[in-house]
Each structure stands twice: as structure tokens, then as C-alpha cells.
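For reference, the structure is listed below as C-alpha cells.
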């Protein structure tokens, strides 16, 4: 059973390979009557575009999205609206240089899915990583933009930013400055040092990892115990992004060294007095801000020489050329936001199915 | 849409409240012909029993499981076998002291699901936490024992153990000693200090968190990109356990400070030379050992006085009495194993649907 | 992938074999706050009890249901209410005479699932048909009673009755008389002749089929195109009952011989002028009464001698003894109602997820 | 929860409106290594093309399909093969005359989904019926062609043909002649009379219904009791086609008037002696040929004047112009085949998940 559909009620199916004709997403379950234009999707795709930060490669992907179905502009409406039927989004691949990958046809790149995909499927579109390419996340971002339009109606907003890169940590959480540096870092001074570190490592032909933090406003009552708890769904959504190797909610791994009396968030008539829970109690949102962090591994495509094997299990060495970023950060940031939005849109409809709108 | 079913092909639905008549699990999708007796399930339940470690409470739950359906002993067979029909497991609650919880009917215990469940459902079985009680995990362990019987046929084994508790870390990974101490810790010296720390904190009426590590043998090819990747499914499974606030795979959060050249696992004709990936590449198992860790928060039920509110949003103080453990470790260990087994059994069948048995 | 779960949001998983310890259902997704007692379920089970009509066998199944989880009676509430957590229903088997079936261990009864189950699973609980027994429908009726409690809140009611049996057709649709005869037939005169036909055929050791019609009130807007249309879901639900070999909606097979101008239901400001559509247009309910009919095959267990083979594919003859009904009618009637209720409860929540309550 | 995905393991999601930019299907779960070219899909689409029978309209839809993803031609392979990743099929709409529908914006056409869609979604793409148009079935046929490629590997074949039209029944089942007449009728003499009846009714501005029969070869063991039985899944699949109002398996409604001794199919060492069961026992295929029939209602778009209401619930009359067929037959025939193939492909993978390939 394949796994290219995300969500249960707000359901997104993505398709497409890195160097195929196109990639896309079909959203089934978006309620009718939501404003939707290509422009609002395009805006999110722009945030994922390369060249947005010092860590990114010079490849220029226009990534122009087309809405093939699911919207209709009634007479007198200011803009098209969703109709409750499936929304098909297509992004044609225009900048696909298959040739630069032909020498990788027989070699398993370390840290990539080449080896495991071959084991699983017995056949593999090797061009640019095929389906396993980070390019796949463009479809996620496009679908997330549709979820954003729905969440706006419920005043739910999601924001991701860089809190560590290449070993340098943001000490501040000044959200006002995250759009003032190319790494979307809430600590301007740290951002400067991160950029310096990137330049240094680029020189060496190596790559860097980091940590992204995500916050979201969220009404109380979302999450479906005992298996589809909100934290579980968020963990899955974020861990399904290629570069992510860890997810934590609220205090996260720090909770492992706290006492119960420190970790519990006391309640007062004015609300919670702390937020170690990250806005989730027993898998259900408490109405506090959701807080989560993801560990992003360094990009596996490096110019340095590496040891690996080929299809015939012979020892070979490889240097991965082509246009590659130094870090998945910052381009992973809109992807994290998109995945959190997809989870929240889905959980919102799930709660609405059970309770109607009265709890929000 | 409620969320009490786990898995897509090996599908487990659990039910039951802490102080109701019984709790149970229905497993739909277990292949026919697997040996299954109540004893093999009982054995796993025993590992989750209280009184197994210094961190646990004196409450004695017999937790006797009954298999209500789905097995049949053909003439001449040594033991009952699964028939491919749903396997219903029931554990009757025998030691339920509802009275000790009656004073909690109107109060939201900090760190528990009381507040969020009330917001979500508008009604709540407050006795012992109802459905949000850790007692719910008995059904998971029972179901996991059935998965174990299936996985045995594929030589897949899963092992969890304690690598940190109350700030004390296991430096060793001597798996031979984990059954020699009550905390299932692979570092005997650390285990002694952990027990001392527990005794100290019990005195203070407080509780402790820690970290559990889980390893599993796993054939290459399990995991369903791009949304049901093996790491994503494991993250969700583990994060759906009440006390877990973080999950990491392989190098995990440490990958955030590594260089690409350090983090990539080189391949040789004899296999991988390291395992920072934790056995998963691009969401698909590589055939290496799976390695993951979970952050376990301190148990929220503490004897120390805490500030909270009641149903009428009035400030009150609370001391949670009753029989409570000092840490979710070690009783969470068989639960972690069960969840990993449920994921692997499901992914195994998913791969088998697509490829038949030839890839294993 | 096994198939013992019905529904997507109002989700019912059944389990249990004819001669096992018990059978049951777990309902996940019932909204909280619905009144629910064992009595309202028992009432529906009574309607399915043998001895209710001339066509039924003398076997007395008490079929006493227990609610194991998912309800709670808050202080001051008149009766227990659903809590939004899974509702587990168990019916213990008390009248299971396994011995009368031991001679069937090796023989495939014609018209039964013996042969196909053996081919599918390779192992089979032969006692009373195991999972393939009509006894399985007791769990459906129990679950349907919970759906009924939910549907009552939306003024949705479902009614099934006999319109043909053994070749005798009901010409009248006098719903007032259906509880006045043992066959739930809306034509008293026809009911008498049906009973006579049953007596005749019982004498011959043979069995009879018939047709059941089901009507339901239903708000406009239920059904999920293009694959989960209301008529499609109803067809599947009804066809999943063992004895059903055909399903039609509205004019059904009669529509095949009508002209478009005859079959179309004209609209007027006061509503539709006819109901050939059976209340469903393009897979979505129109607000008219739902009307459907199912073809019920004669019960395959007959006392007459039949030709068949055994496990070694040797020719044998068989006479099926034991306690068997002459027709699945009337006991199938509450089962049909239950299945329609499960579909409507599910579709109701599905529509509520998308639109909230405003459309009803 | 929307319903545009069909199947559980071989999973098809369709999208697109009659007069939108395009329509398409995403197939997730097709095993890797299956030969797939646009040509094999195109071939099935051709069979659905208008102008194929006397009952069809002159509208010429080229319906050219493009495969956007999920296939790859390895060096040395004779043709592209599936890779196990999602297969995206797109058919651009080229012959969409939106203008001819602008007068229908405010009017509910009798027998169409206009009224029920408005009630459900509150917004509606009225052009050509939007999502509710029969044009949607082009995507089903395209997806069914992919299923056909998979089923070929298991020697499973599906064939549909006309057995009644406008009250004229085929008495013969001479499958050799079905491609010799434009109605795919296995009775050449009946086919002539059907064509005459069509000409007659076209003159009157009216339309006709009929009955389609479908046969399929099928290994024993497919179908998932107790809710996803093979007959139930087939019934849902076929009933989800717009024009279908009834489905029967094997003897179907005729079984209602048979005795048990007549209806049971005796077994002999050489196989079953009859096939009243239609190849399905207790919801599981027996290895016999699958036989089913669907009742097709007359097309609701008629030139005759009809009574209806508009959006403001005012009485109006309507004559539906445009290019319309006289009967959904024969164009519905490849759609029926496609839906049966989608069911069988899905059930095949479901069985393979549980048993591996050994049972086939």
C-alpha cells in the first residue's frame, strides 16, 4: 500500500518526479466556498524558491502553479472559490537537466534514497533523485497554501524559522526580524554568524544541518486520541520531510531532565502559566500556542569525495556535482509550515465532523 | 473522525477506559496461519506490569488477556492459529478504585488531558483519567504481542531500553545486562545511580523523565514514501504514547550539528560503514538496524501541591494522591516496543501487497 | 487488507465467530453526548431474534449485549451518554452446539462460504460457518442501534419490510400493518399466503428467497461524489449482507425499460412530483425519501440431499441438519435497517465535516 | 469527508469538471515493473468515445491522455514501466462549449445532480454538469486501463456487453458478435431491433435505458469479509456510475423466487455444476466466472419539455438542448469494465498483502 496521500478529511495526494514532465497535488476534502486563486499558492511557492538565502543553489525554478479543477467563480464573486470538488494543482518542470545526472544511474549516493528505493521497488528513476528528490516538496507547499486559505477563516496561523544552523544557535526569538535576514532567523546577530559559517563550508565542498522551530495558534480540542493525537500527527508530518531526523514538542528532549513539578504547566483563571507541553495535553490541543522543533540533517549531496558502491556492489568513489544547496535551511521552512497547516486543516475538519462548529 | 485505529493493513483498534469494565483491542488484518495463544500475549503484558522497577507504584494489575475470536486449532495442530478473521483481545479491569478519583471530577490536573478532553468532548470520564490514562497502553502491548508473532516469521526483532533517567545517562550499550536491572538499562553502573535518583525524588513527592532507545532488525524496503515513510510512521507511533515529547531517528538532533561528510553513511561491498541514518534512507529501510530514541516527560501526577483551576475556572490547589509511578520508565519500554512492532508489521504487509515476498 | 471495518467517520469494526466465545463491535467516531443504554441496543437485537416469524428456526439466542466502554453517566444525567471514545459492544455466545457441526469439518456445503474461505485463508473455523455465519449480523444490528440513537437527533428514520417471499409479492404498502404479521409485510393478505408457502416448503426440506424494501427519511446533501455516492455506499452496505444478491434504488431495474421523460422526476415549488430516483440524484440525497430494495437468496442450508466435494475433492452427498430458518426473511429485516443506518450516520458526519450543521 | 478516491491498495483519485481545463486521475499503489504506455490507455478511451454507437451524440472528444509521472524506461527495456510511485494521468478538455450551458446556470435539470449538488455544496459549476457530468468517467476509464495492465499479469480479464436496451432483451450470449454491432450486444438480431428503437426515440426527443452484463475471470480467494466482500465492492463500484440504478450478482433478483435446492450450485471434483452465485460465495470469489448486471436509467437530458424550478424555487419549463446521447449504452460499457477492473486490482493486492502470491 503506497503512501502518497496525506490526511484523512483534508486529503492531499501528491505525484511527480524531479525530472519528469510535471509534479502536482490533488486536494480532496477542501470545504466549498473558500477563496482560492493561483496567486495565493504562487506566493507560498516563491518562499521555497532557490536563491532565497545564502545556503541555496543558483538553480532558478519558476515553479508556476496551475489550478486544473475544483474552483469556480460565480457571477458577482470577487474571486474564484472552491466548490467542494477535488482541487488539482500542477507545476510543470521547466528547468530539468537530466544529463547532469546520467552518470549517477548506477551509483548509490550516500545519504540519499538511491539504495533503499532500489531495494524497495527494483526499478528507479535516478534522474535528480526521481520521486525521492526534495523537489517533491513543491507539491506540499502548493497544497499547504490551500490549507492556509481554510485556516485563515479560523484565525489559525503557522510560522516557522531557523533556530540553529551549522552549530550556531539563535539565542533570541525576535519574530519581527525573521524576514530581515535570508535564513529567517529570529536572532539577527546569530544570522550573520550562520551566513559566515555557510560561506566557509561552501568553500570546503561540504554541507550543514540545523534546527527549525514552528509555532502555530490553535483552538482547543484538536487531535484524535489515542493514535491520531495532534502531537503524533505533527511528528509524522514533519518527519516525512526528507531532511528531518528528529521532532520535539514543547520542552521536548529537555523534558527528559525536568522534574514533574517543573514540567507541569500550572493553570490559572487567566490561562496556563507556562508552556512546556507545547500546547498539547494528552494529544489534544489546549488552546495554547503550539511549539515544535525539527532537527534538519546536512544535505547529503557534497562535492567532497565519498566512498560508495554501484548496482553491482563494487566499491566506487563519488563527488556529487550539480546545483546543490549548502543546507536544507532556509528552503525547508515553508515546507515545515505547509506540513503543519495540512495537519491542522485535517484535524479541524475531523473535530468539526464530531462536534460541529460549536467548540471553536 | 476519531483516531482509535492504528495501521492500514495490520490494523489495531483499541477501546476502554481506565476504570471501565474492560479494555481491549481488535486486530484486523493479521495473516492466517500464525501461532497465537493467550500465553504469548500474557508474557508481554507481564513486562508492563507495575512493581517491575523501582520507579513503579505498588498497584497490582493482573491484566489477564482473553482471546475472544480470530483463532482456531485445527485437528493435529500444536496450538491455535490465526484464521485471518479479526482477533479480539479483552482485558477485564479488576483493580479499579473509582473512589480515589471522585474528588478529581471537577478539577483539571496539570499536565494531564483533563482540560483538553473537556474542551474537545464536552463530557469526560474523569475516573483515573478515563481513556487518557496510561492504562490504555495495556491494549497496545497486547496487540503488539500479536504483531511480534508475525514478525518472528520474518526474523524481525525489536528491543527497547533506558538510556537516560532523571538526568543520568547510560554511557554503555551493553544489551546483555538490560534484564539484570529493574530499569532495563544497558549500563549497570548508571542503573544504580538512576535508582538512587528515583528514591530521592520519591521522597520529595516529585517525578522524573528520561530517554528510551529502541533498536530493530528490519529488511530493506519497508516504508511508503512520500507521506508514510518508515521514519514518519515510527515518529507518529511513538509520539502517540502519552508521555513522549520527542522522537529522533539515528543521529537525530545531533545531525543538526554535523557536516554532510560526517553524517553520510559510506557504503562498501560489505555494507554501510556507519549508521547515522538509523537504518532509514529517504523514508525506506536500508537493511541496517533501525535506531530511534524517545524523550519521556516526568509523570504529571505528583504529590507536591500544584496550582490549577476547576470546571468553573476558579483557582484551586491540588495534590495528586493515589498509586502513581515516579517515572513512566521502565513501564513505557514494552509500550515502545509494541508500537514499533505495530509499525513494522503494517509496513511489512504494505510492502508484501506491492511486491509479494520476493524482496525479503 | 482485511475488511471488518465499516464506515469512514462513524466507523464500526465487528469481530467474532458463530461458535466462538463471543462476538462484538467497536464503534469509533460516535459523537459525544448521545444517550446510550444497553436497553436501546437490546431492543434492536430482539427484532433479529429467531422465533419471530414462521420462517425462523426454534434456536433461542438470548444475545444479551454488554457495553464495555465509551459511555459515562455524569452527575445529574438521566442516563449514560457517549463520551466520544470507542464504544465496545460484546455479545457472549451461550447457545453454541459445536458438536452438531463436527461432521461438516471436511465438507464444503453448497451455497456457503466453506469453499471460498478455504481457498482464501487456507484455514477455517468450520463450526456453524465461523465468521461467515449469519450470526455475524448480530454485531451489525447492535452497532446499528447506536447509529439509530445518533440519527434520532437529526430526525432520520429507517424502516424495512418484506415485499416478496417465495414468489408471492406484496401489492400493498400499508406500513401500518407491518408489525401485525410475523413477516413484517405491508400487505396482510400477501403475508398469509407467504406463511402458507413457508409451511409448504418446510415440509419439503427446502428454503425460500424474497425481496426486502427499505425506506428512510434523509436530509438533502448526503453522499460523497464521485466514488462514495450515497447510492453506491448503500449498495455496498446491503450487498455485504450474506444473503443479498441484488440491490436497486428507486425505480431500479424498472428504470431500464422507462423513457427519460417517464423516469425523470419533475420539480415543483412544492417539491418533486415523483420519486423514481429513490431520493438520490447524482449520488447525493435530494431530501426525498430514500427507497431501495434487496434481493434475498434462499438459505443454502437445506435438508434435501445435495452433491458436493470434501477437502480432498472427493464427491460426497450432504443433508444439512441443525436448526435452520426457511428464509433469511424476516430476520434479515433489522440487519438491512442497521446497515442503512450505519451508512446514513457515516454520511451525516462526512457532510458535517465539510459544511458544519448549517445545511440540515 | 469527500469521496473522490477509489480503492484501498490500488487507489485511484480522480479530479476535473466537464468544462474545466482538464480532468485526470492519480493512481497510487500500482506495483512497480508493469509495462505502461499512453497507447494502452488511449485504446480504452477510444472505446468510450462518442460516435461509437447509434445511441451516441456527434460530439467529438479527442480525449488524449498524458502520463505525467510514475513511469520510467530503464536502459534496454522495450517500453516504459511503472516505478511504484504515483501515476498521474491528465486529459485536457479541448471541445468545451461553455456557452451552450449558460442558460442552465439558474435552473435545476430534472434527473440531474443540479438540485442535490446545490443543496450539498452551496456552490456549483453548472457548465455541462461540472463534476457531476458523465465526462468524469473518462478518468475512470483511463485509470481502469492501468488496472488492466496489472490484471493481465494474473490472467484476469473483464468483459461487458449490452443485454437489454429500450425494453428489448438479448436472448443470446454470443460473445463472438459483440464487436460486430455498435451496441456491443451478444445477440445480433436483438441489436438490430435496439438500433431501430433508438432511432424511433431520438425522433421523439426522448431517451432510453437498458441493462449491461459484465463477466470476469477471477482466481478464488478475492474479497474481504465481512464488509469489503467482493460482491459489495463490485456493487458500490458499479452503482457509483451516474446512470446505474441497480446491481445484481449471479442469479440476482431471480434468486428471490428460487428454492434453495435450485439456487445452490452443486460441487463436483470437476468444479461447480452451475453458477447462480455469480462466482462469489460469502463475499469471496470461488474461482468461477464473475457475473453481474447493472440497470442503466435513461439519460435525463431530453429535448422534450419538462417541468422544474430555478434557484429561486420558481416553476419553469426546460428543454435540454446540446449534444446528448439517446442512451448511456454503449458508452457506459468501458466504464463498467473499468470499475470492475479497479475492484479486482484492489482486491488482488489486498489478498497478496495477506497471503503473498501462493494462493493464485
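Backbone N, Cα and C atoms are what each Cβ position is placed from, and that goes for glycine too.
All annotation found in TrEMBL is predicted automatically rather than curated by experts.
Annotation source TrEMBL lists NADP(+) binding site at A:48. Look at TrEMBL and you will find A:131, A:132, A:133, A:282, A:297, A:298, A:299, A:300, A:301, A:323 tagged as FMN binding site.
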List the Cα distance (Å, whole number) between residue A:48 (NADP(+) binding site) and residue A:133 (FMN binding site).
14
When you measure from the Cβ of residue A:299 (FMN binding site), how many other Cβ atoms are you left with inside 10 Å?
27
Let's check the environment of residue A:297 (FMN binding site): how many other CB atoms sit within 10 Å of its CB?
30
Taking each of A:48, A:133, A:297, A:299, A:301 in turn, which of these binding-site residues have a Cβ less than 8 Å away from a Cβ in chain D?
none
Quick check on the binding-site residues A:48, A:131: which one has the highest count of other Cβ atoms within 10 Å of its Cβ?
A:131
Interface-adjacent binding-site residues, chosen from A:48, A:131, A:297, A:299 when a CB lies under 8 A of chain B:
A:131, A:297, A:299
